[in-house]
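As recorded in TrEMBL:
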- D:34-51: transmembrane segment (TRANSMEM)
- D:63-81: transmembrane segment (TRANSMEM)
- D:93-112: transmembrane segment (TRANSMEM)
- D:119-138: transmembrane segment (TRANSMEM)
Amino acid sequence: MTVLPYLVAGWIFLIGVYGLVTSRDLIHAVGCLAVTQSSTYVLLLAVGYRNGGTAPVFADAPTNSRVVDPVVQALALTDIVVGATVTALLLALVVQLRKRHGTVDPDALSELKG
Amino acid sequence: MTDVLIVVALLLVAGAATAAVLNRDPVRQALVLSFLGLTLALLFTFLQAPDVALSQLAVGSAVTPLMILLTVRKVRRRPGSGGDGADKPAGRER
Amino acid sequence: MSSRVRLWVFLVGAAGFAALFAAACFDLPAFGTVPHPYGVRAVHAALSHHTANVIASVNFDLRAFDTLGEESILFSAVIGTVVLLRQARDEHRKDPEPATVHPPVRRFALLTLPFALLVGLYVIAHGQVSPGGGFQGGVVTATALHLLYIAADYRALERVRPLTLYEIGEAAGEAAYVITGFAAVLAGSAFLTNVLPFGTLATLSSGGTAMVLNAAVGLEVTSGIVVLLARFLDQAVEIEDPGEDDGSPRHTGGGGGNGDDEREPA
Amino acid sequence: MSTSDGWLAAALVPLLALVPVLWRIAYGSPKDRLIGQNLTSLLAGLVLLLAARGFHRTSYNDVALVVSVLGPTGTLIYARFLDVLPDSRLVRWTALAGVPATVLPLCVATGPGRAMVKLLLIGALLIAGSVVTSGRGGKGGVTA
């Protein structure tokens, strides 16, 4: 338990990169990138967790309660939404590539370049 | 007890991430990604991060898979045919 | 680089990464144990600014300048997507056929729509009090709008969704953030300092400028996601490729090759 | 075992039920995958409600509220793209049995008040969403 969350984050990162490397379809590759991104959230939140802590939101908890680290949560939170728009940008690039070159296979694309 | 929940959620997330990568067809992948988004949201709730869970829920379970599906529909379509099943590539890769 | 070489390069790199990462993990403090000096200070700072949700306080007060950066990335990503997905000169539009919708689904979607919008706005508005805020609520609101697409069809969605308004909304959100920052300068303090009265802890009007910035981000994210999805829907449903298609085989990827089972035989 | 541990142990039940659902989503037919997606959001809603009680944080219920709104929305959007809205007894009965079995004890434990109204609302949304998306009438519902 003491290292499992970190190791899971590492596994998600590796499997995501594996998908990126072996992908035959750019849309699939963008999906794999989304998976890889999520490993960072798992790692950040795992680092910020404290046993017996609760969320640092004091609307329904006493202000002296033991809380988990809010800083890493703030980092992960904004990155998730910004990451989604970047995913959109990449998908838009894929649509453009398909229009220009008629394929979304990365290997076929590199052949086009010669 | 919280630890048990966290461990189960972690294993689910790892499994979903693996399945999302190994499903090579983007349409299948979109549904697995949506599952991954929901399990990540559960994990974040167990890690006492409801804010992040909300964010992941909205983005991971709806917006990202939807955009992938729309891109697939666009990319697989041919003029006049409309459907995405109409253009099975004759010269499939490899 | 052939795919075989690429795979080998990856495997070597992955093995190295795995070894180093595992070693680092076992050197990290055990899960859930270490004290968090930054976290403790952030909690103090948030409480001294009467913001109940410390995460919102970190985002919109303590690290407001960083969030401006994040917001700008979002802003430019949306602009980039809009530029990439605009209708090219040689493409033409085709009106999508009106859809027929199963009546229970239509009723459900129409009944849920106002409620879902309300939930989205609630999540934005309570950002500084309970879990939520502009980033999360914005996405929820934008997704909720697309219930209309389910309830009727794409044209119905287009009629009630004045896209220009959302494009302006996105820019207005970004502008409101910067203006709030400069208002602090005019008030005689540094850029993005929290100069408004802090209010009472755990009420809607608490948190000073955190509340204003939260609303600005909510506006920007809602509009941004609506614009994004609109562009993708446009491309997928309406805009057709120019007539360059002469029956040549298309590589649509899907290397696993099971695209055939996308449609269940009726 | 304290009461909060009891609630968290109860949350483990729908959480573990997600394991076979993942299998279905990853390897099933298109129908199966859509049913799986539907079931996931339903089960996730139940897990979140029970966990919120187990952690003694009523504000965590907001996450369940968002699931109950976005879950069926997502399912219907996929249904439109994949051109199927499969009839599923599994989803319907999980909703009709599981949601009351979760929400009613939670209401009793919470006691009357705003929190209870919210719980009932989330429960009603989860049931309504699942019943509509599991295609009662069995005709398969949507055409794009």
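Please read every residue number as a count from 1 along the shown chain.
Cβ coordinates come from backbone N, Cα and C, glycine included.
The stretch with the most CB contacts under 8 Å to the transmembrane segment (D:93-112), chosen from D:34-51, D:63-81, D:119-138, is D:119-138. For the transmembrane segment (D:34-51), same-chain residues at least 6 beyond its ends with a Cβ under 8 Å from one of its own Cβ atoms are 7-8, 10-11, 14-15, 17-18, 21-22, 24-25, 28, 60-61, 63-64, 67-68, 70-72, 74-75, 78-79, 82, 84-86, 88, 90-91, 94-95, 98-99, 102-103, 106, 119, 122, 126, 129-130, 133-134. Same-chain residues lying 6 or more positions outside the transmembrane segment (D:119-138) and placing a CB less than 8 Å from one of its CB atoms are 35, 38, 41-42, 45-46, 49, 61, 64-65, 68-69, 71-72, 75-76, 79, 85-89, 91-92, 94-96, 99-100, 102-103, 106-107, 110.
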